[in-house]
Amino acid sequence: MGDWQPLLRREVVWKVRAAHPLCRPDGPLRAASQRVPWGLGCAADGPWLQMKDNGGNVMMIVCPLCVLENALGQRQMEVWMSWRPTYRSSKFRNVYGKVGNREHCFDGIPITKNVHDNHFCAVNAKFLAIVTESAGGGSFLVIPITQSGRIDPHHPKVCGHQGNVLDIKWNPFIDNIIASCSEDSSVRIWEVPDGGLKRNMSEAVLELYGHSRRVGLIEWHPTSSGIIFSAGYDYKILIWNLEIGEPVKMIDCHSDVILCMSFNTDGSLLATSCKDKKLRVIEPRSGRVLQEANCKNHRVNRVVFLGNMKRLLTTGMSRWNTRQIALWDQEDLSMPIIEEEIDGLSGLLFPFYDADTHMLYLAGKGDGNIRYYEISTEKPYLQYLMEFRSPAPQKGLGVMPKHGLDVGACEVFRFYKLVTLKGLIEPISMIVPRRSETYQEDIYPMTPGKEPALSADEWLSGINRDPVLMSLKEGYQRTTQLVFKAPVKEKKSVVVNGIDLLENVPPRTENELLRMFFRQQDELRRLKEELAHKDVRIRQLELELNNLKNAPNNM
């Protein structure tokens, strides 16, 4: 037979019925030849329902209100006319997570027990770095990505910090360069040898001092290899030019601890979430706040730019203490576009966005699952896809860059999951199921590569450029090897915006305070001994002087 083509929404049906009292339950079904002209009869001012045969010829035009009562029944017609697809067709709907085999995991790692809300893990195509539990200062492991298995307990570490390490990030353009920040209020740049560490590394190629309190966050600029941002507990963000080893700008618009930093695609905008319950979009070179949102009903913890969509996504807590995500227009933060509650758990939600596939991954601290969604610029903006489940809770997650993925297995994302209780790092591959083993161009578009688009001076002068793109089809081949050149620095004051950041800096950590206390005790003990020695010497000299005065030759 034919098929019904509904041309009317349910809510419109009731408006038409109220406007046309001539439409009664006993109204007849009108054939195409008996159609009432527009403006006459029931539903004259509204669209009709057409019934067509297989050839597309109109067999009957009926009043939807009459069909509502007579033919199909009121309830059936209501459901039929209001039907809409509940999901959008997506090539990533069947993405699934695959945990690596035991031989591909990293076992026996003393993962840090620090409660700071960070990932404590950084990954690139050559190395895996993990912050470890240690005494007497902070340290982290650097392991070649191919040397999986059980790790030697005496494996060499990077151990130059005097306080606990709070964040680590690999340079996106030079695989051997990693940055770290610590409770000792410093940011340090390290250069790891190609084969990995053979002995403990305690000397950084560059030490950056500028914060007066501990540094909790660091972020490399996405298009310039010589720019890094650091956020401290002094409520300030410092922009460092690594070519000179000095801070070139201080952003001081925050009134509390900065929780998260995120760049847009070309690095011209910086989004921050803060403990003062505000979400900000900042022009980083001038420090000017372009947009600001007071998040009273949605307490923001994490924020991420959604590629070139001109959207922001935040995770946080609702006023009822349920975990929540929100989508924002980066040019208007007066209110979120949508808000969606996730669950009632209390762990922090970490968002990970893949601009190539427009997929969003949500992983909760202390959870064992990873949810993933597809994001679009049209309604529905957020489409739930699937969920990866695991019984082991995660402390943090590292993410492999795109050029390190296995395109032959249709891998679109890879996590490195920190399982503290087991001392284990598990790789989790997100895979698109495809039968063909050829390169799938539809899921691997051109992606940001490892060539910087700008030098530090160019970016500081006001130039913006999009990332240099690369294809994953033939694998990445660098034409010239980038080399990090650390500047030669002398000990001096650090002055930014007319403020000496190192003047009378107090102890930043408990360990540093204890060390200073013991040093002062040793100094006091030495000074007391020296003073006692000088007192003895003074008495000896006084006696000699008296003997000389009383000698017979002086009479």
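Any Cβ shown, glycine's included, is placed from N, Cα and C.
Feature list (source: TrEMBL):
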DOMAIN    85-149  domain 'DUF1899'
REPEAT    158-200  repeat 'WD'
REPEAT    208-250  repeat 'WD'
REPEAT    251-292  repeat 'WD'
COILED    524-551  coiled coil
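Remote same-chain partners of the repeat 'WD' (251-292), defined as residues 6 or more beyond its termini with a Cβ less than 8 Å from a stretch Cβ, comprise 117, 216-217, 219, 221-224, 227, 229, 231-233, 235-239, 299-305, 307-308, 312, 314, 316, 328, 330-333, 355, 453, 459-460, 462, 464-467, 497.
Using a Cβ-Cβ cut-off under 8 Å and counting only residues 6 or more beyond its ends in the same chain, the repeat 'WD' (158-200) has close neighbours at 112, 114, 116, 118, 120-127, 129, 131, 134, 137-144, 147, 206-220, 222, 225, 228, 230, 232, 240, 242, 401, 450-452, 482-484, 486, 505, 508-509, 511-512, 515. Helix, strand and coil counts under DSSP for the repeat 'WD' (158-200) come to 0 helix, 19 strand, 24 coil. The predicted model assigns the repeat 'WD' (158-200) a mean pLDDT of 93.
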